[in-house]
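Novice: Below is a structure I'd like to ask you about.
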């Protein structure tokens, strides 16, 4: 009989693979930034939030906090490195204002993590208490990260278009949340279950919206609009032209002559 721990590890490995794919999903965005040498209208906020989320989960999965969670450490450790690379690229091609903002946020996150690590290690002396404190923080920040697609979903409902909600990303997000929720339920880890369970719910909502609106993507309006045609109308216009006294018009003297012109409109 297959042991629950073996099944849990297998599910965790699959979860690592799927999560790795999710971490790599912004690569085209950063390729564009490097190519243009400008961050344009892209924001660093999602990557700063994900960086903090990864740091918390790495700390949570360490044996000194929550034993037997090495797979949580591996994928979030990889995610931490990837997010650091993204933020380095973003920093290099940002203006001074964005660089200053990023510096402040990164410093705040570093101080926050230092406070959490010191507070937990010095103030909590059992795995249960340490898991509780760090786990609650992971749930809070993980929920914020997973709820970010709500903005996109509201846009889909308003515009009735799934143009800015890629199907592949929604499917992978659903599978990722489902995988890690299953992993957490095998040995009931409520702190992994809650944010990933919400991730499954939000991804499922995206898939439902896609099924509803994928046929109703609004077509772009044709710039070459056909103007309404007007039938030509004949109109007589009289023009009065002065005539010199020396000129003879029909054998008589005249100071003006009237010319009829027909204009087609």
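Any Cβ shown, glycine's included, is placed from N, Cα and C.
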Novice: In Swiss-Prot, is the topological domain of residue 6 the same as that of residue 157, meaning both on one side of the membrane?
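Specialist: According to Swiss-Prot, which assigns topological domains, residue 6 and residue 157 fall on opposite sides of the membrane.
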Novice: So what's the average pLDDT for the topological domain 'Cytoplasmic' (31-45)?
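Specialist: It averages 87.
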Novice: At a threshold of under 8 Å on Cβ distances, which of 10-30, 46-66, 70-90, 132-152 pairs most often with the transmembrane segment (102-122)?
Specialist: 46-66
